[in-house]
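Features as listed in TrEMBL:
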- A:19-133: domain 'Response regulatory' (DOMAIN)
- A:D70: 4-aspartylphosphate (MOD_RES)
- A:148-202: region 'Disordered' (REGION)
- A:148-157: compositional bias 'Polar residues' (COMPBIAS)
- A:173-195: compositional bias 'Acidic residues' (COMPBIAS)
- A:198-257: domain 'HTH myb-type' (DOMAIN)
Amino acid sequence: MEFKSAEEGRIEKFPVGMRVLAVDDNPTCLRKLEELLLRCKYHVTKTMESKKALEMLRENSNMFDLVISDVEMPDADGFKLLETGLEMDLPVIMLSAHSDYDSVMKGILHGACDYLVKPVALKELQNIWHHVVKKNIKSYAKNIGTSRQLLPPSQSDLVPGVSKKRKDKVNDSGDDDDSDREEDDGEGSEQDGDESGTRKKPRVVWSQELHQKFVNAVQQLGLDKAVPKKILDLMNIEGLTRENVASHLQKYRLYLKKIDEGQQQNMTPDAFGTRDSSYFQMAQLDGLRDFTATRQLPSSGLLSRSHLTKIQPHLYSSINLQGMNSSGFIQQGHHQSSSNSANPFGTYHSTLPPRIQNVNLFQRTSSPLESLQFPRSKCSAYMGDFKSIGDRPIGGGFVDSCMSYGSSSTSLPSASTNTLMLQGNYTQPLHTVSSVNQPCIEKTLSNAASPNISVQGLSRLPSQSWQGNLNTTRFLSNSSPLNHAFFPDQVTCAGNNLGDCSSLVSAGNPGGGMQCEPQLLGGFLQNINSLDGQKWEQQNCSMVNNTFGNVEYPLPGDNMVFRENNAARSKGVDESLMSPIENSGNVNSQEYVGKPSTMVSAEMMKSGKPENAHIDNQNQHDVFDDIMNEMMKQEENNGMVSVAARFGFDSFPPP
Amino acid sequence: MDALITQLQRQFRDYTISLYQQGFLDDQFTELKKLQDDGSPDFVAEVLTLFFEDCVKLISNMARALDQTTGNVDYSKVGASVHQLKGSSSSVGAKRVKALCVSFKDYCDTQNFEGCVRCLQQVDIEYKTLKTKLQDLFNLEKQIIQAGGRVPQVDIN
């Protein structure tokens with residue numbers, strides 16, 4: 001989809017190209033669904049396996065705008081997919097052949113945006129884009145323009161109609177309507193604008209107490225059975241929303257995973273190389289994080305996008321919300337950090353006043369991050385945040401304001417600054433897509449200019465993956481030629497992967513065998529053999545079969561290849577540069593990386609980039625970034641200072 | 001040639017209508033046809049291929065699950081396959097197959113072995129019958145096209 005600078009034009013283009021992930025284990029239904037979605041001019045990725053769908057979502061949360069999935073699938077519960085999609089703030093539509101009240105209720109209670117009964121009609125699917133808009137109404141409103149008249153009539157008509165739902169949604173989703181998006185309250189509709197303007201939810205601070213309650217609830221339910229809704233009920237905290245819990249749960253799960261691996265691998269820097277600093281924070285909250293990991297975090301955090309997400313927004317919030325309780329974060333589990341003076345991060349934690357160190361690290365970072373991700377809505381929000389810090393451009397200003405708050409060690413500010421810078425870098429490419437975005441971001445992310453230019457080649461959308469962004473930047477600073485060397489490859493891969501209008505990702509053979517086991521139920525089953533089927537095939541479907549075959553098999557191959565290349569390259573680089581631990585660390589962080597970017601992806605959706613071209617860019621960079629990731633890890637080991645210096649962020653004081 | 005085309009087209013039309021009237025096909029099949037266009041010229045054939053493959057696979061699953069020689073019948077397994085088949089058949093408009101699945105499901109829920117076996121046999125017959133009929137319809141289409149004619153859009157009242 002053409003990304004027009006005129007917002008009106010852009011809005012008109014959407015929902016064309018809206019990226020839908022379709023999941024159904026029934027091949028007939030899936031094929032029909034795909035065609036229906038294609039008819040609606042959406043971009044469709046289909047898979048028969050719920051696991052595959054989960055993988056795709058986690059790998060790149062920015063890949064899709066909407067998920068539509070059958071609830072009953074043998075290999076996995078459709079509700080698990082629903083949970084994941086919701087964690088990533090994606091609208092999830094449930095599909096089922098069951099239309100009974102209980103099934104529908106179950107779906108809706110689990111947070112499904114909609115529940116469609118099979119067989120699905122075309123007109124039902126033609127409207128599903130509403131859910132994407134609803135989820136991102138604030139961003140859209142802002143993008144549309146400050147005045148409603150820019151909205152095409154159909155949109156204007158639509159928005160009031162959904163405003164009621166939107167209000168309900170606003171009530172329900174605290175995190176998404178964070179204060180940093182208050183500025184986004186443009187006018188999608190009067191009602192919505194007014195509603196969202198007044199309905200600002202405070203950020204959730206995951207204090208130690210809160211986190212402890214959370215952990216208790218999770219343990220009570222059992223980690224496997226812990227779903228946000230139940231956790232929420234058990235915690236019984238007023239004002240806490242399901243979304244808050246969902247995102248926290250997501251981080252917690254990743255953290256636990258990290259812990260497992262870390263304990264096995266004796267935590268090396270790389271294990272946490274590009275780890276989101278939330279792991280670190282989570283560890284601190286849990287008091288489990290070991291010293292080593294803590295030590296490692298700063299350097300990685302410097303370049304880690306997730307770190308950026310975690311630290312920055314939280315710092316903003318801590319600065320903004322002076323009264324926030326940050327004690328939990330600092331006090332517990334900081335034994336490790338404080339005892340190690342060599343640990344910049346630890347130093348940070350021990351020296352920064354509680355005010356700045358805030359548990360907000362844990363809180364949902366989507367909003368601040370989102371603001372970074374989505375230029376349109378972000379600009380003002382972002383600026384707003386910085387304003388509270390100090391009326392300075394990000395880099396220096398941030399550092400200064402940090403400094404002004406107390407005896408913060410240099411490590412954090414520079415880390416933050418760097419991440420900010422990185423953020424700028426990251427967002428810059430994103431914003432290059434839209435000229436509207438760029439000026440906005442450039443303002444807020446000062447030194448973005450030159451780094452951005454170099455990053456543009458990588459043109460990585462921030463939401464892609466933490467790692468990707470991080471690596472991009474690092475790599476960039478180190479060796480541009482390598483960038484370009486990889487880039488074309490990525491393009492190809494991505495092209496194969498994403499160029500198709502609809503890609504079949506399923507690894508399984510949906511067609512099923514023509515053969516079936518004979519000899520069951522006596523002679524009856526002897527009738528059930530492939531003969532008839534073959535006859536059908538031969539008579540009518542040789543062409544069709546070929547078509548079908550062509551459609552099906554090459555695509556998965558391409559996709560597989562794409563993904564395998566991803567892994568292979570990463571591994572290759574890993575081996576050459578790092579120890580196996582780093583390897584797994586990389587993998588882990590990739591996995592994790594997918595998560596926080598969900599927030600980003602939500603924002604991505606908001607700014608409305610369903611275009612395939614966009615996806616192509618993103619995916620190209622995915623692989624590219626993975627490779628870069630490996631390259632950068634080595635850098636990381638060299639220490640924060642050198643990294644910072646390498647970035648050429650001269651304006652920052654070295655850590 | 002024109003007379004041939006006209007005749008074929010009439011045959012096609014009549015045959016199509018009869019399939020609907022006899023309850024083999026329903027409006028979902030019509031929807032399926034609507035989704036076929038220049039962009040996806042073999043869509044209907046493709047989906048039907050998938051459907052019939054599905055039938056084979058699912059019926060074999062059901063048969064296996066209903067096989068008492070391996071022990072107790074797992075009706076939930078049978079039910080799961082029936083549910084799948086119901087979904088497939090309803091999305092392609094295989095009306096009779098779908099209707100059978102409804103009663104089949106009931107027998108599964110009540111763990112009525114005889115009822116299940118009966119339904120299984122009927123489903124097998126039904127899908128094969130439908131397949132034959134649709135093959136004939138497709139053949140007619142091919143003939144029309146080969147004769148240089150256009151496949152008519154058939155309005156089902």
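Counting starts with 1 at the first residue shown.
Note: Cβ is positioned from N, Cα and C throughout, glycine not excepted.
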Local Cβ density at the residue listed as '4-aspartylphosphate' - other Cβ atoms counted within 10 Å: 25
Tally of residues which DSSP labels helix, strand or coil - the domain 'HTH myb-type' (A:198-257): 39 helix, 1 strand, 20 coil
Secondary structure content of the domain 'Response regulatory' (A:19-133), with strand meaning DSSP E or B: 55 helix, 28 strand, 32 coil
Taken over the domain 'Response regulatory' (A:19-133), the model's mean pLDDT: 86
